[in-house]
Amino acid sequence: MAAKPRSIRIGRAHIQVLVYVTVCIAVFLLPSFIDNDFLLNRIARYLVLSILAMALALSWGYAGILNLGQALSFGLGSYCMAMALKLRTVPVHTGAEGLPDFMVWNNIETLPLFWQPFYSLTFAIIAGLLVPALCAAVLGWFMFRGRITGVYVAIITLAALVVGNLLIIDQQPYTGGFNGITDLAQLELFGFEFDAYSSSTYYLVASGLSISLLTALAITRSKTGLILQAIRDQENRVRFFGYDVAAYQNFAFSVSAAIAGLAGMLYTVVMEFASPTFLGVPLSLAVVIWVAVGGRQSLLGAMLGAILVAGMQGALSESETFLDTWTLIMGAMFVLVVLFLPKGLAGLVDIVRDRIAGARGRPVDDEESAGDGAAAKTAGAAQ
Amino acid sequence: MDIVLQQLITGLGIAAVLLLVALGLAIIYGTMGVINLAHGEFVMLGAYGAWVLNAYFGLGLLASLPLVFLGVAILGWLVEKGVIRHLYERPLDTILATWGIGVMLQQIVRLTAGGELRYVQMPAALGHSTTILGVDVSAYRVFIFLTVVVLFAVTWLLMYRTTLGMKLRAIVQDRSIANCFGINSGRVFGLTFAYGAGLAGLAGALVAPLKSVSPEMGTGYVVDAFFVVVLGGVQSLFGTVGSAFLLGELTGVIAYIRNDTIAKALVLLAIVVLIRFRPQGLFAVRVRS
């Protein structure tokens, strides 16, 4: 009998991996049922946003770092891709001697030094991952070494986001300012052309989604993931065990930023432009909503939250009657979720499962979820 | 010399508005630990309150102030009873819930009053400008400055010289012990939140003539006010004054040397660095946690 709970837990782990892989496969199979390039582009867009939400769930749900500046990483990734694609447009679009058009309008004579390496697409893609990750690592080093937690992390990341946004808008000659970077060339990788309105781009997004989701899953299931959750619940106890808490937090924070950067790059490919709104406060807070609605402690839940909320927003804001009331509904939904479903929609799954288990007369919880509940309580008190 | 004085007074003007908005937030955050992101929307509602009373009931700005205070305070009380009350165990979630409330308030105003800019008239008696130490200052700015001083004094008296304030401070020290002594902490928190919200409403009504009134106006204020409170030290009223003064002058000076955007970015960076090294704020008082 003693071995039974253990076998259940292993079973659950297998089921989780199975569910995640199934979702990835389903995402890949979707285009065979959809014959509409416009719709496919729309879906690809929501999938990209769901990657962004998943990145936040990794740092917020698993490591307890409420990053209100998630959009900063997203925007940086997006701009890296946009810069490379801008330099690949036909010279007609890019002003004299291959200079991007907005630079010509701002009387810039030569290509700025930091734009030069973006002639190489490989460099741009690496930069799209590394620039956000490095920025996050520096900020994280700054915060976590000083044992900044909870609300102050939220404030600092929000401030960093606002600073980034202000600078990009202010440095118009180098970044395109308010207008962002538009008129981009199509992405070409390994001889494939990625037209935003074709299934090729969709598959690119689906690959990005699968890779980042499975990477994140691997992290959460590893020992590091366990320590991260322990830090979320009781930071000091982990510290007393001799773990370098700041290093673990910084790891989660930077990986999350890199994934957000990847999402940003994909977003540029899907939307065909980069704009300062990609690193705006509204988007950054919207991501927090998606994750809260979907379930901050479930990668898949966060993704579903993003697709549901952003998708509903997209669908409802098209019809006249809902255009105005949508925001109202979203606000109300958000308040209700925070009040009644602190674990989001993914928490519903747990509740239903426990109900079924309870109805069968079996002990409702095994060790794992009982520990979760208690841990969540102490975490709440500690914050 | 003139420029320095001019800058100092401009900075004081910015600081007065900052303090006005931050005072209510400081009380709510400092005593209840609730991060009220809907504060900006309370400010916005105050401004709209002044506009409605002016445009439909012909009330002057000064006459509408008590009504605005009362109206927004009642709304704040309702919000505390309906939502915040359930979240004292989860402070980080108050950020999320109050943000949701803010979004709703903003949208309700947009649906009822329309999204276009509204204008509130300055009281006729304060429309002129006066000269202080050889610098021209609008009389209305001086009026705001004096009002802030009065409001601060009232708040201080309320906190440190009334029974309600004493009960509140007892709850901040230890809520369960305070309950044991027969203090109704739920009621005190409700009133505190209402008072903070009312102050935000007053702030909105007072700044309405300086800027145009729009549903989005609150967002900018809440971020600035929040930084003032964090910088000043969470439980210190005088700290809030000090940091409002500091931020106001700093913004004024940098904006004069460079431009507004750079000023804002630099001030934010300075705050980030400050939080890192003094999370308890510049002027923190020691309290039992």
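Here the Cβ of each residue, glycine as well, is placed from N, Cα and C on the backbone.
Feature annotations, reproduced from TrEMBL:
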type	residues	note
TRANSMEM	B:12-35	transmembrane segment
TRANSMEM	B:55-79	transmembrane segment
TRANSMEM	B:91-109	transmembrane segment
TRANSMEM	B:139-159	transmembrane segment
TRANSMEM	B:188-210	transmembrane segment
TRANSMEM	B:225-250	transmembrane segment
TRANSMEM	B:262-279	transmembrane segment
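The recorded stretches the transmembrane segment (B:225-250) and the transmembrane segment (B:91-109) do not share 3+ CB pairs below 8 A when only pairs 6 or more apart in sequence are counted, and are therefore not in contact. Of the ranges B:55-79, B:91-109, B:139-159, the one with the most Cβ pairs under 8 Å to the transmembrane segment (B:188-210) is B:55-79. Sequence-distant contacts of the transmembrane segment (B:139-159) (same chain, six or more residues past either end, CB-CB distance under 8 Å): 12-13, 16-17, 19-20, 23, 27, 122-123, 126-130, 132, 165, 168-169, 195, 199, 202, 206-207, 209-210, 237, 241.
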